[in-house]
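Worksheet for the structure shown next.
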């Protein structure tokens, strides 16, 4: 399946005296007026990991700045050096309001990082049940697989995220999908000793 992904930023010469610490701290704690005055400098800067102002805003839950930067600059799906989008940073830091704001602004919800993990994959890995619920309700692909062939359901089995698995099952995920090690959800749960996952799977009427 082909994804419409944002550009991975290619660094160019910086024309400001800003550094990573100033860049991040300004977005993290700065007042809105100061940020508006520095808007162009902030947007044109990228940190060591090629993260832009929108990504840092999402990371620290600055929903007000997400809306500000997204309205000013049309790069909502740009990716950093590891392929993370602003939505990915919101998800990985469990910033619900940031994620909701980005989704409302029509960001792409299934852009994978450099390892093939999409936002819902990371939400499952960390066990962020509310985030998983949000992503499912927003149309995330629940059967997408990462570079190891792991679907969100297989990841839930590996990491013992039983509540996440229940949500995925309710949403109609494919329990028979296998990763590159020929593991489906049952085999993954067995391999990682996830008894709680096996109990969830045992409760299914169709069994293995």
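Just so it is clear, glycine is given a Cβ too, placed from its N, Cα and C backbone atoms.
With a threshold of 8 Å between CB atoms, the same-chain residues lying at least 6 positions outside the repeat 'ANK 1' (49-78) that come near it are 4-9, 11, 23-24, 27-28, 32, 35-36, 39, 42-43, 84-87, 89-90, 93, 95, 97-99, 101-102, 105-108, 111. What Swiss-Prot lists as repeat 'ANK 1' is 49-78.
If one looks beyond the repeat 'ANK 2' (82-111) by at least 6 residues along the same chain, the residues whose Cβ comes under 8 Å of a Cβ in the stretch are 3-6, 8, 49, 51-52, 54-63, 66-67, 70, 76, 118-120, 122-123, 126, 128, 130-131, 134-135, 138-141, 144. The repeat 'ANK 2' annotation in Swiss-Prot covers 82-111.
According to Swiss-Prot, the repeat 'ANK 3' annotation covers 115-144. Under 8 Å from some Cβ of the repeat 'ANK 3' (115-144) lie the Cβ atoms of residues 1, 83, 85, 87-88, 91-92, 94, 96, 99-100, 103, 109, 150-153, 155-156, 159, 161, 163-164, 167-168, 171-174, 177, all in the same chain and six or more residues away from its ends.
Listed as Cβ neighbours of the repeat 'ANK 4' (148-177) (distance under 8 Å, sequence separation of 6 or more from its ends, same chain) are residues 116, 120-121, 123-125, 127, 129, 132-133, 136, 142, 183-186, 188-189, 191-192, 194, 196-197, 199-201, 204. Taken from Swiss-Prot, the feature repeat 'ANK 4' covers 148-177.
Here the repeat 'ANK 4' (148-177) has a mean pLDDT of 98 out of 100.
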